[in-house]
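**Q** So TrEMBL says this about it:
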- 1-22: region 'Disordered' (REGION)
- 1-10: compositional bias 'Basic and acidic residues' (COMPBIAS)
- 40-83: domain 'TM2' (DOMAIN)
- 44-63: transmembrane segment (TRANSMEM)
- 70-103: transmembrane segment (TRANSMEM)
Amino acid sequence: MSDTNDKGSFEENAENFANDAKKTANEFTTNAREAVNSQDNKKILAGILAVVLGSLGIHKFILGYNKEGIIMLAVTIVLGAFTCGIGASLMGIVGLIEGIIYLTKSDEEFYNTYQVGKKPWF
């Protein structure tokens with residue numbers, strides 16, 4: 001009879017463990033989705049990339065402004081090659097200014113301006 005009780009409690013413990021594991025996995029998945037889709041994360045990521053790598057226009061690609069990102073990248077490479085880096089310096093200044101603007105806006109203001117309103121420059 002003790003074999004039956006041991007077997008039943010083992011199955012019950014295994015089932016409880018499986019349910020806890022599923023619950024933890026669901027919580028992790030939900031939190032990961034919130035972190036990836038968070039507007040705050042996009043603001044901070046775009047702002048830091050604009051300050052550090054602004055001349056390459058990577059921050060524009062992060063925000064979904066592909067045309068503007070290609071323009072910044074092309075000006076940096078093409079004009080930078082023909083003007084000994086002046087084009088890259090100009091795009092670097094633009095990126096720095098945009099990065100500072102991104103990082104100083106509130107989350108709501110950033111979201112409304114750059115993600116809903118789709119304001120591509122400054």
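Quick reminder: no glycine exception, Cβ is built from N, Cα and C everywhere.
It should be emphasised that the depicted structure is a prediction, and the values quoted were computed from it without experimental measurement.
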**Q** Sequence-remote contacts (6 or more beyond its ends) of the transmembrane segment (44-63), Cβ cut-off under 8 Å?
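**A** Here the qualifying positions are 69-73, 76, 80, 88-89, 91-96, 98-100, 102-103, 114-115, 120.
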**Q** Which numbers of helix, strand and coil residues does DSSP report for the domain 'TM2' (40-83)?
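**A** Result for the domain 'TM2' (40-83), in helix, strand, coil order: 39 helix, 0 strand, 5 coil.
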